[in-house]
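Among the features that TrEMBL reports, substrate binding site is placed at Asn13, Asn72, Gly82, Asn83, Asn170, Asn206, Glu224, Arg225, Gly234, Thr235. Annotation comment: TrEMBL describes Cys81 as active site, proton donor. The annotation active site is assigned in TrEMBL to Cys81. Annotation source TrEMBL lists active site, proton acceptor at Cys233.
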Amino acid sequence: MMVQLLKVHGSQNQFFILDQTQLKNKLSDQERVDLAKHITDEKAGLLNGADGLLVIDSSDHDGALGSMEVINTDGSIASMCGNGLRTVSRYLSEKYGKDEFKVQTQDSDLAVHKEADLAAGVPTFSVEISPVSFNKESLPFDNFGVDKIIDQPIPEFGVGVHFTALAVPNPHLIGFGNFKTMKPDGLRVLGSMLNHKNKYFPDGVNVSFAEVEGPNTLFVQTFERGVGMTNACGTGMSAASLAFCLNKPGMAEFEKTITVYNPGGMVKTRVHNNDGDYTIDLIGNATFTHTVDIDEAALHANDLSDAEVEETNEQDAYDQFVGALDNGRF
Ligand SMILES: N[C@H](CCC[C@H](N)C(=O)O)C(=O)O
């Protein structure tokens, strides 16, 4: 029986989507991890690979149209994926004909809704990023001698950079500085050092460098846990936006729209402060670039050799959207 996967992206953070409800027999945990590592591999995989596999399944939670599992390209499971959740939201919205609903994720059911297109031909969704925590146990982190890291220098991690650590709920370390003065390879070196189990972050951590470009305007680049350098990281940009509001109140405001540029384009965020209980809205594209038709048995066998790939016509519109961005970086 043929099954259709999608290749998608949120701000060019690329994923494959598999909707397990199509399958006669669902993939086992190991089959899903093996498939993720294979299909996203830039050489052995499909379409030069991707940053992860998003597995959709049914949900019996109130108001949820489905569930999302996030598998990084190295096979590790993440609790959340902001750019990916926008693409999953679009998939479920079109499957069920609804524009506002919830998606069940590992830690919580998150509110999502369709937004006005960011540009012609650029489907756009808003997704809730939460729960948020700064407690060391929630990332987790250790061996810094503190229970929270908020706007602090960590000399061994980078000179001229102030760091904030938070879980949204996947773990993020956000460094604010000036890309021109930061060591050019600083993000890659630090991201690689902290990517997997280490004495500071036992579960690894996503590392982002953020630069303030103006009032309510950031540029963020991320070295993702379990992936490496990506064009964008939705939870990373959301975490950076919250740190921006907390640490630079003169430049960023809660409840106001923040524009976050990244190497893959641009998203918008809005940080809500409910008496210290934070949630973030992440608004951005949900672009479907390819369909991938494959026999269910081949999926179980992790055999991609007969996969039939078709390109959609959506990337052109996204490229035009990026080309029209006016911050001088594109
Ligand atoms: N690499 C992340 C998961 C994907 C997050 C990112 N792609 C996003 O858009 O939030 C982690 O291991 O926590």
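Every residue, even glycine, has its Cβ placed from backbone N, Cα and C.
These numbers come from a predicted model, not from an experiment.
Features as recorded by TrEMBL, highlighted on the structure.
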{"residue": "Asn13", "record": "substrate binding site", "Cβ neighbours (10 Å)": "32"}
{"residue": "Cys81", "record": "active site, proton donor", "Cβ neighbours (10 Å)": "28"}
{"residue": "Gly82", "record": "substrate binding site", "Cβ neighbours (10 Å)": "28"}
{"residue": "Asn170", "record": "substrate binding site", "Cβ neighbours (10 Å)": "27"}
{"residue": "Glu224", "record": "substrate binding site", "Cβ neighbours (10 Å)": "28"}
{"residue": "Cys233", "record": "active site, proton acceptor", "Cβ neighbours (10 Å)": "32"}
{"residue": "Gly234", "record": "substrate binding site", "Cβ neighbours (10 Å)": "29"}
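On a Cα basis, the residue listed as 'active site, proton acceptor' lies 7 Å away from Asn13 (substrate binding site). Across the residues the record lists as binding substrate (Asn13, Asn72, Gly82, Asn83, Asn170, Asn206, Glu224, Arg225, Gly234, Thr235), the two Cα atoms farthest apart are 16 Å from each other. Taken residue by residue with DSSP, Asn170 (substrate binding site) is part of neither helix nor strand, so it is coil. Secondary structure at Cys233 (active site, proton acceptor), as computed by DSSP, is coil.
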